[in-house]
Amino acid sequence: MQPITTEIVSRTIIKRPADSHKGNYGRIMLIGGNQNFGGAIIMAATAATYSGAGLVTVATDPSNFTSLHARLPEAMVIDYHQTDTLLNLLAGMDVIVIGPGLGTDTVADQLLTAVLAATHVPQRLVIDGSALTLLAQQARPLPATDIVVTPHQMEWQRLSGIAIKDQTPTANHDAQQRLGVMAVVKAHRTTVYTDERVWFNPGGTPAMATGGMGDTLAGMIGGFVSQFHNFTDAVLSAVYLHSAIADDLAATRYVVLPHQISTRIPTYMHRFSQIERP
């Protein structure tokens with residue numbers, strides 16, 4: 001295993017050109033948030049927005065519209081029950097994040113199937129939360145494009161068939177190879193599995209053990225892969241920065257909340273963008 005290093009982050013997060021516009025930094029759609037779990041998609045969308053995604057669209061249950069408008073006025077919202085509208089918009093997206101707060105009912109299952117069928121190269125796909133449970137319950141074809149799954153250990157057990165106690169780096173890497181997608185397995189020391197190697201995140205703190213932390217990471221990953229060309233480096237940088245911010249906050253806090261991480265993402269990205277490169 002290799003550690004995710006600050007060198008990876010600093011070569012990924014670069015200064016923005018002076019003539020930039022929002023179209024340069026990716027169009028991202030985040031899909032999730034049923035009537036009971038609207039907070040999950042709000043936290044994911046917040047992280048994507050603060051990570052610098054150019055245009056953010058949230059497809060969610062209408063019960064979440066008011067909260068989304070109030071908490072994140074930068075994001076556009078659509079009703080995820082209107083499948084035709086969703087798929088028409090999805091065709092123009094650079095990145096799709098599906099799963100935070102999605103649930104596992106029939107509506108969620110049909111939505112996941114439709115999104116997987118519609119996603120295409122060169123779009124990038126982040127699969128998180130409930131969508132991973134649905135994939136574990138029923139295997140279905142995955143699009144031939146850049147995909148990252150972001151399971152915690154129990155979700156990885158369902159998806160890979162490997163019991164938590166047996167989730168060694170070797171076993172996990174074998175499972176990742178079979179699945180054919182990048183895997184971010186969240187644990188005390190999160191590990192990232194690519195076709196070529198295994199990475200481990202040196203950061204992380206028990207202060208992060210609270211609901212919504214994974215939703216925030218999924219949104220960060222979506223925001224990073226929407227604007228940075230190297231898919232692997234973008235994912236690794238999001239994983240690293242998510243924990244690095246939390247570690248700094250935990251120096252003076254017993255608990256770190258997801259939104260506290262999100263609001264600090266631009267500051268940390270700016271810091272890395274200022275590092276002089278050879």
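Yeah, the Cβs are placed from backbone N, Cα and C, and that goes for glycine too.
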According to Swiss-Prot, which candidate in Gly103, Gly180 joins Ala40, His152, Asp215 at the (6S)-NADPHX site: Gly103
Max pairwise CA distance, angstrom, over record-listed (6S)-NADPHX binders Ala40, Gly103, His152, Asp215: 16
Rounded distance in angstrom between the Cα atoms of Ala40 ((6S)-NADPHX binding site) and Gly214 (AMP binding site): 9
Residues near Asp215 ((6S)-NADPHX binding site) in space but at least six apart in sequence (CB under 8 A): Gly39, Ala40, Ile41, Met43, Ala44, Ala47, Pro100, Gly101, Asp128, Gly129, Pro258
Secondary structure of His152 ((6S)-NADPHX binding site) (DSSP, helix/strand/coil): strand
Cβ neighbours within the same chain of His152 ((6S)-NADPHX binding site) - under 8 Å, at least six residues apart: Val185, Lys186, Ala187, Gly214
